[in-house]
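Undergrad: According to TrEMBL, the protein has these features:
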type	residues	note
SITE	Arg20	site 'Transition state stabilizer'
SITE	Lys27	site 'Transition state stabilizer'
SITE	Arg159	site 'Positions MEP for the nucleophilic attack'
SITE	Lys218	site 'Positions MEP for the nucleophilic attack'
Amino acid sequence: MTEPLPSLAVVIPAAGTGKRMLSEVPKQYLTLNGLTVIEQTINKFIELPFVHSIILALSADDTVFSTLSIAHHPKVKTVIGGKERADSVLSGIRFASELDLSWVMVHDAARPCVLERDIIELYHQCVAQQSAGILAVRVKDTMKRAKPDSVSVDHTVPRTDLWHALTPQCSDIKSLETALVSQLQDGLVNSAVTDEASALELNNKRVLLVASSARNIKITEPDDLELAQLFLQSEE
Ligand SMILES: Nc1ccn([C@@H]2O[C@H](COP(=O)(O)OP(=O)(O)OP(=O)(O)O)[C@@H](O)[C@H]2O)c(=O)n1
Ligand SMILES: C[C@](O)(CO)[C@H](O)COP(=O)(O)O
């Protein structure tokens, strides 16, 4: 019989303003198949047996989340996010580090189409290999690097071994907290560290690439909402 997976914390950065979405409200509060985006995302984690706590990093002026029934679920906690995504993540990690847990997953509130089976597989692989890891999708298209500040091709980027990094991104809490703090202190957060794996890589940590369904999109621009609706409807 395989050992049960250790309990973990899930940090969900949800303090963004969704500027690229061009919507009236922050994209995490847009309606998606009858629920808000953030509720759809939380629902992908809330029933998983190894999820101990779900920590939402919210904007200081967020007045919506507390009105949702999910906000009162015993697993759900909230912290105040920060200026950049990494600041919000670190705020959640600091709360998680007080919970006497070893592992954490960080998942964008804007990724409601993640599949539970992919979350479970990611965690199985990280625990089995005692390594950080991320859900990712191999690049399928030919990739071009543009000339600086232009829209003409500079060169083609070889796509062998090229992956799209998605979330959740999973790590032991101590390594991730150390990595994020050191990058914040080095002032790299705003440029080089756009995901947790970037910080871990800069701290010479191994990061597994675990194949994810390509439907695990991040709702970023207006067209993404319709695509997310189709993906969620096909899960019903
Ligand atoms: N200071 C920030 C910025 C982003 N996020 C969260 O990080 C996730 C991924 O970020 P992104 O898609 O860039 O969201 P926004 O920053 O809201 O989008 P935009 O860049 O278009 O404003 C989102 O769930 C967002 O709420 C956060 O918690 N804190
Ligand atoms: C973390 C992430 O979703 C991995 O692809 C991505 O880096 C977030 O980028 P954003 O510009 O903060 O949405």
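Glycine residues also receive a Cβ, built from the backbone N, Cα and C atoms like all the rest.
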Undergrad: At the Cα level, what's the spacing in Å between Lys27 (site 'Transition state stabilizer') and Arg20 (site 'Transition state stabilizer'), rounded?
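TA: Roughly 9 Å, rounded to the nearest whole number.
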Undergrad: Return the residues near Arg159 (site 'Positions MEP for the nucleophilic attack') by Cβ distance under 8 Å, restricted to its own chain and a separation of at least 6 in sequence.
TA: Val139, Lys140, Asp141, Thr142, Met143
Undergrad: Cβ under 6 Å from an atom of ligand 2: which of these recorded sites qualify? The list is Arg20, Lys27, Arg159, Lys218.
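TA: Once distances to ligand 2 are taken from each Cβ, Lys218 fall under 6 Å.
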Undergrad: How long is the line from the C-alpha of Arg20 (site 'Transition state stabilizer') to the C-alpha of Lys218 (site 'Positions MEP for the nucleophilic attack'), rounded to the nearest angstrom?
TA: 12
Undergrad: Since the record lists Arg20, Lys27, Lys218 as recorded sites, which of them has the fewest other Cβ atoms within 10 Å of its Cβ?
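TA: Counting other Cβ atoms within 10 Å of each of the recorded sites Arg20, Lys27, Lys218 gives the minimum at Arg20.
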Undergrad: What does DSSP assign Lys27 (site 'Transition state stabilizer'), in three states?
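TA: DSSP call for Lys27 (site 'Transition state stabilizer'): helix.
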